[in-house]
């Protein structure tokens, strides 16, 4: 029976359908059916994770799951599970389970929970579809579905600030989608295909038309990836509840944009063609500027979630910078950061949500003495912060070390300077927070001393950041182990890198 499941070509559809069906059922549940809604949320997340693990095992052993049907003449809807797609699908399925558990606790007394969790599941279904898309057409369908399913989550609180943030989000992302669609149409007119293939599908010599198409595709995807100057929506979206912020930054939206750029460079244009055409070095420069820009802006934010938002703008561009180095080591560094950044950043947002929900603290200058009051949350935050800085042996160090080696391999020493400067800036905006947590005593008592048994906060809110912080340590210390993010990134490059 296990072997039959492993070999089942419908596994991508089953993984996609799990969260879609869960969303439809949750939408129909009355608000008071709390236990059933929680069971559906967690059950669907566990089922999806099992299906993805089975596909990961199959892909590791050389299987490729692929299903397609013709929607328009010459254009197919195609789902495909290869080694690259399983990186993103694996990340989203693991973090969906943890974020769902966290959201159950965070929204325990919130209204409109059926609406929230319905769109939450649709959002993750969209992310799964993006990961498993076998061509640009399928990618675009789920990419726009992600935009529409995330909007109700951003505006969930219904305040004037939330509605303004939602308006900014929808304008930015729909505009980016329109630019992406224009690039796709032009690409199809020039090449006759929208397929993904290792080494790319673009052939022949570089032309101005192909350069323009590349710019359109990257610009359309760069909105969600928060590349400068297309990043404006992301800090505003921090008015959303903490589980949504975690979803935007670590699991879904910004990762969808970055993953799409990786697909365009690697599987549409091909690294060799894009490098020969001179397309990668300017994009590497833009990614490097975004890394420094986001870090500098983070320094001046006093709202904790806004500082984390600008940190995301900086950190996600490591993925793009890595792929633009056009070498195997650079690509490994970029791909491994797709996973590492997700785990580190979701830890930080879980912790920020705990401070807000338990202590009523949103600003960095209000965090004095929060470490002894919430030790587990604060240890998790500290680990993730040091990981983001790139402290060995944590996950972020693996990323920066590999990217540095990739930069030297590509004979681009200025990239090493950018990485070092970014690490110093990371330290400059994270270490003051850690200092306040542990070494600045609070001048007065906390406004309300609430305990959940022996725990510092509700169990649903506590265990997700503790687990992800432990993962930040484990995937750094055991980076060379099979199925670690680094090992899987090396597998992707060994199978799909075409210079």
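The backbone N, Cα and C atoms fix where each Cβ goes, glycine too.
Feature list (source: TrEMBL):
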type: TRANSMEM; residues: 6-27; note: transmembrane segment
type: TRANSMEM; residues: 39-63; note: transmembrane segment
type: DOMAIN; residues: 75-117; note: domain 'NADH-Ubiquinone oxidoreductase (complex I) chain 5 N-terminal'
type: TRANSMEM; residues: 83-104; note: transmembrane segment
type: TRANSMEM; residues: 116-143; note: transmembrane segment
type: DOMAIN; residues: 133-424; note: domain 'NADH:quinone oxidoreductase/Mrp antiporter transmembrane'
type: TRANSMEM; residues: 169-189; note: transmembrane segment
type: TRANSMEM; residues: 210-234; note: transmembrane segment
type: TRANSMEM; residues: 246-265; note: transmembrane segment
type: TRANSMEM; residues: 277-296; note: transmembrane segment
type: TRANSMEM; residues: 316-339; note: transmembrane segment
type: TRANSMEM; residues: 379-402; note: transmembrane segment
type: TRANSMEM; residues: 414-439; note: transmembrane segment
type: TRANSMEM; residues: 460-481; note: transmembrane segment
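Counted as Cβ pairs under 8 Å, contacts with the transmembrane segment (460-481) are highest for 83-104 among 6-27, 83-104, 169-189. Mean pLDDT across the domain 'NADH-Ubiquinone oxidoreductase (complex I) chain 5 N-terminal' (75-117) comes to 86 in this model.
Across the domain 'NADH-Ubiquinone oxidoreductase (complex I) chain 5 N-terminal' (75-117), DSSP assigns 29 helix, 7 strand, 7 coil. If one looks beyond the transmembrane segment (6-27) by at least 6 residues along the same chain, the residues whose Cβ comes under 8 Å of a Cβ in the stretch are 37, 40-41, 43-45, 47-48, 51-52, 54-55, 57-58, 63, 65-67, 79-81, 89, 93, 96, 114-115, 117-122, 124-125, 128-129, 132. With a threshold of 8 Å between CB atoms, the same-chain residues lying at least 6 positions outside the transmembrane segment (116-143) that come near it are 12, 15-16, 19-20, 22-24, 26-27, 37, 41, 44, 48, 66, 68, 71, 75-81, 85-89, 92-93, 96, 100, 103, 107, 110, 149-150, 152-153, 156, 177, 180-181, 184, 187, 193-196, 224, 243, 247, 251-252, 255-256, 259-260, 263-264, 268. Using a Cβ-Cβ cut-off under 8 Å and counting only residues 6 or more beyond its ends in the same chain, the transmembrane segment (246-265) has close neighbours at 84, 88, 91-92, 95-96, 99, 102, 120, 123-124, 126-127, 130-131, 136, 139, 143, 146, 150, 153-154, 173, 176, 196, 214, 217-218, 221-227, 234, 237, 240, 271, 274, 280, 308-309, 312, 316, 319-320, 323-324, 334-335, 338, 341-343, 345-346, 349-350, 353. Listed by sequence, the residues of this chain that lie at least six past the ends of the transmembrane segment (414-439) yet keep a Cβ under 8 A from its Cβ atoms are 284, 288, 291-292, 295-296, 298-299, 301, 304, 307, 311, 314, 321, 325, 364-365, 367-372, 378, 381-382, 385-386, 388-390, 400, 403-404, 406-408.
Ranked by Cβ pairs under 8 Å to the transmembrane segment (210-234), the stretches 39-63, 169-189, 277-296, 316-339 are led by 169-189. By the count of Cβ pairs under 8 Å, the stretch nearest in packing to the transmembrane segment (39-63) among 83-104, 169-189, 277-296 is 83-104.
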